[in-house]
Amino acid sequence: MSMTAQKALQRIIEHREILQDEMVQLMRQIMNGEVSGIMVAAILAGLRVKKETVGEIAGAATVMREFSRKVNVQDRTHLVDIVGTGGDGWHTFNISTCAMFVAAAAGAKVAKHGNRSVSSKSGSADVLEVLGASIELQPLEVAEAIGCIGVGFMFAPIHHPVMQVVSPVRREMGVRTIFNILGPLTNPADAPNILMGVFDPDLVCIQAHVLHKLGAERALVVCGRDGMDELSLGTTTLVGELRGGRVREYEVSPEDYGMAVSPISNLQVESPAESREMLLNVLAGKPGPALDVVALNAGAALYVAGVAQDIGHGVVLASEVLFDGRARDILDQYVAFTRRAHYV
């Protein structure tokens, strides 16, 4: 039996789950523009109140992947995405964007999926622009960058044009919906390994199980106990690790890796320009909390990508490329590549 928007809404109102295959049907209708804005808003609000299940999220993400413009990476060895949901409210500099250059310098291939700022002071696309990079690369160009340099940035509006269908509804609603947690699940390069930060500890285990349903090989889903959607320096971090088809939860702390606990205020910025300055200081090897948090997150990415034996080993590898300048070299190569591609 087909799942219509009306049936879905009735199911949600009754606090009953929409099964994964039913969610696939529903999302295809929404993405094809077959569901009115009023019904889309009602369904999104209802799912938020009911709380989205693993199957519902996986079904919706499956359809978003179907509709995306894919990036075909030939050599997928050590291919990883470093991504966050955003929305943690802490306004830190672009930690995961900085970490992608570090991870690439240490041997991973990073296919990062991101966008402009929605609630933060600086989105990944915003800081890349002020660093001089062109963010609007086409899928073939992103694949070439990953192959040549080891890093590529996929600007969400280019790879998910169908999102324009629901953008007006989301904008008018002005609240978090399932789409806020779908972005990190819909990497156009289908990276088999992922380091994902989430804004809510309740999402750690959920997103790890969703990634398993979507075919991820390895994943670390993390949320600082302070609400940070990265591995945090300020407190312990809850981790959901997907490996070998199983998910296990545990906690890590900065002290586990020889780092001092440091308040988030040391990482906060007010603009993309301030984020750029902090990012460049890190890539120049300037010691401090900003470098530590990047090394920690890059280390986790290197572990989940299969480059490092564990997070601690990853932190060592990340620190080496930060202090010897290799991470900064990757940034410079990437900026030069994107500018050449943009002006061809």
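Just so you know, glycine gets a Cβ as well, placed from its N, Cα and C.
Swiss-Prot has this to say about the protein:
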type	residues	note
BINDING	Gly84, 87-88, Thr92, 94-97, 112-120, Ser124	5-phospho-alpha-D-ribose 1-diphosphate binding site
BINDING	Gly84, Asn115	anthranilate 1 binding site
BINDING	Ser96, Glu230	Mg(2+) 1 binding site
BINDING	Arg170	anthranilate 2 binding site
BINDING	Asp229, Glu230	Mg(2+) 2 binding site
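Overlay of Swiss-Prot feature records on the structure.
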residue : record                                              : Cβ neighbours (10 Å)
Gly84   : 5-phospho-alpha-D-ribose 1-diphosphate binding site : 26
Thr92   : 5-phospho-alpha-D-ribose 1-diphosphate binding site : 24
Ser96   : 5-phospho-alpha-D-ribose 1-diphosphate binding site : 25
His113  : 5-phospho-alpha-D-ribose 1-diphosphate binding site : 27
Asn115  : anthranilate 1 binding site                         : 18
Arg116  : 5-phospho-alpha-D-ribose 1-diphosphate binding site : 16
Arg170  : anthranilate 2 binding site                         : 18
Asp229  : Mg(2+) 2 binding site                               : 28
Glu230  : Mg(2+) 1 binding site                               : 27
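In the three-state DSSP scheme, Gly84 (5-phospho-alpha-D-ribose 1-diphosphate binding site) falls into the strand class. Residue pair His113 (5-phospho-alpha-D-ribose 1-diphosphate binding site) / Asp229 (Mg(2+) 2 binding site) shows a Cα separation of 15 Å. In this structure, His113 (5-phospho-alpha-D-ribose 1-diphosphate binding site) is part of a beta strand by DSSP. Here Asp229 (Mg(2+) 2 binding site) is positioned 6 angstrom away from Gly84 (5-phospho-alpha-D-ribose 1-diphosphate binding site), judged by their C-alpha atoms. Distance noted between the C-alpha atoms of the residue listed as 'anthranilate 2 binding site' and Arg116 (5-phospho-alpha-D-ribose 1-diphosphate binding site) is 16 Å. Calculated from their C-alpha atoms, the gap between Arg116 (5-phospho-alpha-D-ribose 1-diphosphate binding site) and Asp229 (Mg(2+) 2 binding site) amounts to 16 Å. Glu230 (Mg(2+) 1 binding site) sits 8 Å from Ser96 (5-phospho-alpha-D-ribose 1-diphosphate binding site), taking the CA atoms of both as reference points. For the pair Asn115 (anthranilate 1 binding site) and Ser96 (5-phospho-alpha-D-ribose 1-diphosphate binding site), the C-alpha distance works out to 13 angstrom.
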